[in-house]
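Per Swiss-Prot, these features apply:
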type	residues	note
TRANSIT	1-25	transit peptide
TRANSMEM	127-147	transmembrane segment
DOMAIN	132-419	domain 'ABC transmembrane type-1'
TRANSMEM	178-198	transmembrane segment
TRANSMEM	278-298	transmembrane segment
TRANSMEM	365-385	transmembrane segment
DOMAIN	454-691	domain 'ABC transporter'
BINDING	Gly489, Gln490, Ser491, Gly492, Gly493, Gly494, Lys495, Thr496	ATP binding site
Amino acid sequence: MLVHLFRVGIRGGPVPRWSLQSLRFQTFSAARSSDDQFSSCLLRAVAQLRSQLRAHLPRSPPASHRSTSAWCWVGGTLVVPAVLWQHPRFCLIALCEAKGSPPAQPTRARELRFKWKLFWHFLHPHLLALGLAIVLALGAALVNVQIPLLLGQLVEIVAKYTREHVGSFVSESRRLSIQLLLLYGVQGLLTFGYLVLLSHMGERMAMDMRKALFSSLLRQDIAFFDAKKTGQLVSRLTTDVQEFKSSFKLVISQGLRSSTQVIGSLMTLSILSPRLTLMLAVVTPALMGVGTLMGSGLRKLSRQCQEQIARATGVADEALGSVRTVRAFAMEKREEERYQAELESCCCKAEELGRGIALFQGLSNIAFNCMVLGTLFIGGSLVAGQQLKGGDLMSFLVASQTVQRSMASLSVLFGQVVRGLSAGARVFEYMSLSPVIPLTGGYSIPSKDLRGSITFQNVSFSYPCRPGFNVLKNFTLKLPPGKIVALVGQSGGGKTTVASLLERFYDPTAGVVTLDGHDLRTLDPSWLRGQVIGFISQEPVLFATTIMENIRFGKLDASDEEVYTAARKANAHEFISSFPDGYSTVVGERGTTLSGGQKQRLAIARALIKRPTVLILDEATSALDAESERIVQEALDRASAGRTVLVIAHRLSTVRAAHSIIVMANGQVCEAGTHEELLQKGGLYAELIRRQALDASLPSAPPAEKPEDHRSCQ
């Protein structure tokens with residue numbers, strides 16, 4: 001086709017009165033080959049490419065009725081490949097539009113913005129302390145501005161005494177010396193005052209921000225935690241808040257003071273020598289402009305550095321939190337390498353940021369020193385011409401040094417402020433998030449009317465982190481009040497998802513889940529989880545506190561007697577009493593000092609203490625040995641009496657007594673019935689029973705192959 005296009009161009013292009021459409025048809029027809037589909041797509045892409053080029057190139061005047069012969073085609077043949085080489089997106093857009101599909105847009109990282117309204121919310125309670133700190137800082141700055149004037153007068157006395165040798169130097173300089181000492185003392189007191197106030201205010205603000213951020217994180221949807229790493233969240237609670245607090249304190253303690261000193265010293269300089277001050281006025285705006293340009297790049301680097309720190313923290317948190325798994329697989333070296341890789345990347349980002357800040361400060365110091373040198377040169381010329389006193393030049397030099405130090409401090413502060421604003425934006429990002437599923441609000445069914453009847457009606461669901469994959473598909477299930485319903489099936493079939501929807505960790509994408517005829521979305525989630533549903537998982541999580549507090553976690557206002565009763569029902573009272581500290585025994589992080597069966601019984605007691613109407617057992621005994629399973633199963637049987645129970649089981653021997661057994665596969669109900677009914681059907685459930693029995697009789701046999709889903713899912 002390209003050869004044909006070049007040939008047509010050499011011939012001179014379209015003749016008069018030929019439409020562009022006819023030329024395109026002629027050219028496209030000549031380009032047809034045996035690969036008709038490829039040629040058609042490519043030709044349409046060329047047509048769209050021409051439109052894209054027209055849209056991006058400047059408009060030209062309407063062409064005459066005669067085309068510009070071969071030169072247009074030759075030029076196009078030479079230019080278009082170069083354009084495509086430099087701008088391949090033209091070709092991508094043309095090809096996608098030729099196929100009828102939109103081009104993929106490049107994903108851009110969303111830039112975080114500092115939320116001043118939220119910042120004001122935390123600053124408002126401390127306005128009085130802030131105002132007083134600002135007054136003290138301004139006072140200290142104004143005192144600093146007065147010091148160069150007194151030093152200049154003192155230098156004049158020294159020069160006069162050196163020239164004339166008249167009078168007493170001590171008597172003439174006593175007054176100025178006392179004034180300077182008083183100013184130094186006042187400056188120290190003012191500095192002490194505003195630093196104490198800023199420290200108090202900064203720590204209080206940081207505490208309030210951490211409380212608000214932690215509260216916001218706890219209120220987020222479970223889907224939020226599916227997509228975020230714990231280490232990154234902890235990093236925002238600690239590192240980012242600390243960075244922001246430090247920056248805020250520096251802005252007041254150094255930024256405000258340095259800015260005031262710069263302004264006051266410049267006013268003093270303009271009074272001492274307008275000519276020298278004019279030189280500074282010309283140079284200073286140029287320096288500020290350069291600093292502003294460099295600041296945007298430093299902010300971006302700072303944000304990337306903090307994000308990398310959060311990733312490194314996430315790796316460390318994951319490894320340390322799962323240290324037993326790491327040790328069991330001898331993967332210490334691999335985790336070290338993972339963490340080292342993240343640290344290397346973090347170090348590179350931090351070094352790049354440090355080089356940027358160092359470049360900024362280095363250029364600032366060079367510029368300021370050149371300003372001092374220029375001041376000495378021009379000021380010396382003025383003194384030689386008797387247009388300026390020596391003492392005034394000394395005052396000017398000291399004041400200009402004050403300006404230099406203050407602006408150097410501002411340059412250092414600039415990098416800190418950049419990091420602080422970026423850290424604050426990251427903190428406020430999560431603080432301003434609103435969960436899709438609120439923690440509170442909605443209808444609470446009176447206890448006298450609560451029966452525990454649960455219905456899943458045509459429910460479909462996909463996890464927010466995997467929106468294109470349906471875990472449940474038109475799933476329908478009814479849990480009668482006071483009955484035990486068991487969900488069995490292969491892993492990944494959607495059993496645990498059913499429990500998550502029942503606890504309203506997520507909302508279904510289609511269909512409805514009801515409790516006693518009420519849509520769960522209309523009920524108070526806090527009431528539903530706190531009083532109606534008790535949840536016991538395969539891996540119970542205990543907190544690093546006493547056994548008493550872990551059981552009371554299910555009902556904070558429970559009395560000691562209620563805790564003892566719940567422990568007895570869970571078959572836990574006996575082993576708890578055998579500990580030297582009894583119920584005051586600290587279980588360690590995640591209950592590491594207890595066995596699996598002991599942790600499971602504490603989890604049962606924690607669920608029973610709130611007297612739930614509905615009980616969810618998510619493979620509660622699958623990770624236990626035979627003896628522990630027997631003890632725990634006794635407790636579960638006792639806990640299930642009179643309650644609506646949803647059992648998720650892998651060991652089918654534990655669900656034989658269920659009133660109804662639901663066999664799930666691929667997010668759908670394949671079979672339903674009692675144990676005997678399902679065995680008589682000879683379907684998927686019977687196959688699972690047969691394979692588990694075979695595995696039990698052959699303990700050394702390899703894992704059985706998974707049965708095919710289509711056996712009973714017609």
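Glycine is no exception: its Cβ is also placed from the backbone N, Cα and C atoms.
Long-range Cβ proximity for Gly494 (ATP binding site), meaning a same-chain Cβ under 8 A and a gap of 6 or more residues, is found for Phe461, Val471, Leu472, Phe475, Met664, Asn666, Gly667. Around Ser491 (ATP binding site), the C-beta neighbours below 8 angstroms that are at least 6 residues distant in the chain are His650. Sequence-distant neighbours of Lys495 (ATP binding site): residues of the same chain at least 6 apart with a C-beta under 8 Å from its C-beta are Leu487, Val488, Gly489, Ile648, Met664.
Its own atom aside, the Cβ of Gly492 (ATP binding site) has 14 Cβ atoms within 10 angstroms in the protein chains shown. Other C-beta atoms found within 10 angstroms of the C-beta of Thr496 (ATP binding site) number 18, with every protein chain shown included. According to DSSP, Lys495 (ATP binding site) sits within a helical segment. Take the mean position of the Cβ atoms of Gly489, Gln490, Ser491, Gly492, Gly493, Gly494, Lys495, Thr496, the recorded ATP site; other residues of that chain with a Cβ within 8 Å of it are Met664, Ala665. The Cβ of Gly493 has fewer other Cβ atoms within 10 Å than any other of the binding-site residues Gly489, Gly493.
Within the model, the domain 'ABC transporter' (454-691) carries an average pLDDT of 87. Counting every protein chain shown, the number of other Cβ atoms lying within 10 Å of the Cβ of Gln490 (ATP binding site) is 17.
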